[in-house]
Amino acid sequence: MLFRKLASRFDKWDVLVAAIAVFHIYMAPYTKVEESFNTQAMHDFLFHRHHLEKYDHFEFPGVVPRTFLGALMIAVISAPVVLVLNLLHLPKLYALYTVRLVLGATVLGSLSALRAQVKREFGNEVSTTFAIITATQFHLLFYASRPLPNVFALVLVNLAFTSWMRGRPVNTLRFLVFTTLVFRCDAILLLAPVGLTLLWLGSVTFWGAFRSCAITAVLSIAVTCGLDSVVWRQWIWPEFQVLWFNSVLNRSTEWGVSPVHWYFTSALPRAMLAAMPLSLAGLFLERRVAQYVLPILSFIMMYSKLPHKELRFILFAVPMLNVAAASTVARIYNNRRKPMWTLAYGSCFLLLVLSVGASLIMSSASYANYPGGHALELLHNKDLTTSPKTVHIDVLPAMTGVSRFLERDFPWSYSKKEDLSEHDLKNGNFTYLLSAKSEVFGYNRLAAIPGFAGVRLQKSIVSPIHLILAPQVYIHGQQNCETVAPMRWPDCSDTSPV
């Protein structure tokens, strides 16, 4: 009965969206530096459990502390599968696949719940178009399985808007309060306009909303402080630390500054593609979406005042903007036989086709963004000897795919010590180096791993855009070291872009 009920909630469009998300996991299983905290945390929960002294965050705490709650939840769900993988003595890379699949299923479940409610609120055409638009975009489904605080927030924001459409505005506020206090403090910029909209529409009373939000806030702080204080081994409320660092100290500017219009002129057009202009048209063609979309746009405008900007910061705004775009396409589709709407219908079809093409290009580029992970896997697969060996991992490979999920047991050991000089490397007795340097004194270059380096236009109707790949991470073996296996490595003599 349970499986039949779950199956009834999913249809072919959910399967299409899920298949694309799973394909992204298969093609790009590794994680980058911004995902490292939750990635290492899930690894430590699964493999070190209560041995906190072995946890990665004590050695590499990061700039600001983050909550362990999301990582713990995914690790608990993944634990039975990982246990079986351990019994089969499979590499930990399969555990990384597992946790990413579980996280992706969580995000996809929230998207499915949102789409089901969109179907009840706006009709089957809007619901179907919402799935099609989501499938034509790259960033939302690519990020859906990536262990970022923004992705955990995406799940809760989807559930918040689902509750709103179901006529449960208090639950909407509860989801957003929990999101703000536990995962992303900047979600308060969404909580404020949503709360004001609900008050304006008379969906909630001020004191009723205040009471529910206050209770949720106390419980949320208790949960995050209770868990994180234990794991961090100090009294701590992580999101308050993030808020202090970014807003009070304004130190996020150390990672770059973008113009105030960047989210609307760069981030959203790349994330939404064809849905960007269609979502704005939806505000006029389908007035019912305005109450849901205007708070989203207010959130982005307020967030634009912060100097440091990244697309992932506004990722949870994309699904509701897609709903607005879907309402536009559905309206045009239903009127496609009318003379005034025929051109609009053809334009929508062309825009969606172009979105698919752009997504394929961005997918290919993103798959080549993890040379560090590819380098370590290549090294493991090449050297199958049983003699002890130590790999030193430099900053760039550590930032582009290397995580503890890629490490293996004896005879392998690993070092991530930073700022080592060539003298330190020479005397460090490292068997192998993963480095951004093409030449390292005392070591022979064994392989060069390419990464994405840009695009260029070319005269071709089939493929007018060519991806440029250039060596970014190098594998070096210690000179005169008997344990460096005499295997055949890929040609690394040519370091020019390909």
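For all residues, glycine too, the Cβ spot is worked out from N, Cα and C.
Because TrEMBL annotations are produced automatically, they should be read as predictions rather than curated entries.
Residues or ranges marked as transmembrane segment in TrEMBL: 12-30 (among others). Listed as Cβ neighbours of the transmembrane segment (12-30) (distance under 8 Å, sequence separation of 6 or more from its ends, same chain) are residues 93, 96-97, 100-101, 104-105, 107-108, 111-112, 115, 128, 131-132, 134-135, 141-142, 144-145, 363, 366-367, 369-370, 372-374, 400-403, 406.
Positions annotated as transmembrane segment by TrEMBL: 68-88 (among others). Away from its own ends, the transmembrane segment (68-88) comes close to residues 38, 41-42, 45-46, 94-95, 98-99, 102-103, 106, 147, 149, 152, 182-183, 223-224, 227-228, 231 of its chain (Cβ-Cβ under 8 Å, at least six residues beyond either end).
Residues or ranges marked as transmembrane segment by TrEMBL: 95-114 (among others).
Taken from TrEMBL, the feature transmembrane segment applies to 126-144 (among others). Below 8 angstroms of C-beta separation, residues 13-14, 16-17, 20-21, 24, 28, 103-104, 107-108, 111, 115-116, 118-119, 150-151, 154, 270-275, 278, 286, 311-312, 315, 318-319, 322-323, 325-327, 329-330, 333, 352, 355-356, 358-359, 362-363, 366 of the same chain, each at least six residues beyond the ends of the transmembrane segment (126-144), sit close to that stretch.
Taken from TrEMBL, the feature transmembrane segment applies to 151-167 (among others). Long-range Cβ contacts of the transmembrane segment (151-167) within its own chain (Cβ-Cβ under 8 Å, at least 6 residues beyond either end) map to 70, 103, 106-107, 109-111, 113-114, 117-118, 120-121, 143-145, 173, 175-176, 178-179, 183-184, 187, 190, 194, 198, 292, 315-316, 319-320.
Residues or ranges marked as transmembrane segment in TrEMBL: 187-210 (among others).
Sequence-remote contacts of a segment are chain residues at least 6 beyond its ends whose Cβ falls under 8 Å from one of its Cβ atoms, and for the transmembrane segment (217-236) they are 52, 55, 57, 65, 67-69, 72, 177-178, 181-182. Per TrEMBL, transmembrane segment is recorded for 217-236 (among others).
Sequence annotations record features per position, and here TrEMBL assigns transmembrane segment to 312-333 (among others).
Residues or ranges marked as transmembrane segment in TrEMBL: 340-362 (among others). Residues 132-133, 136-139, 270, 273-275, 277-278, 328-329, 332-333, 455, 465, 467 of the same chain lie 6+ residues outside the transmembrane segment (340-362) yet bring a C-beta within less than 8 angstroms of a C-beta in it.
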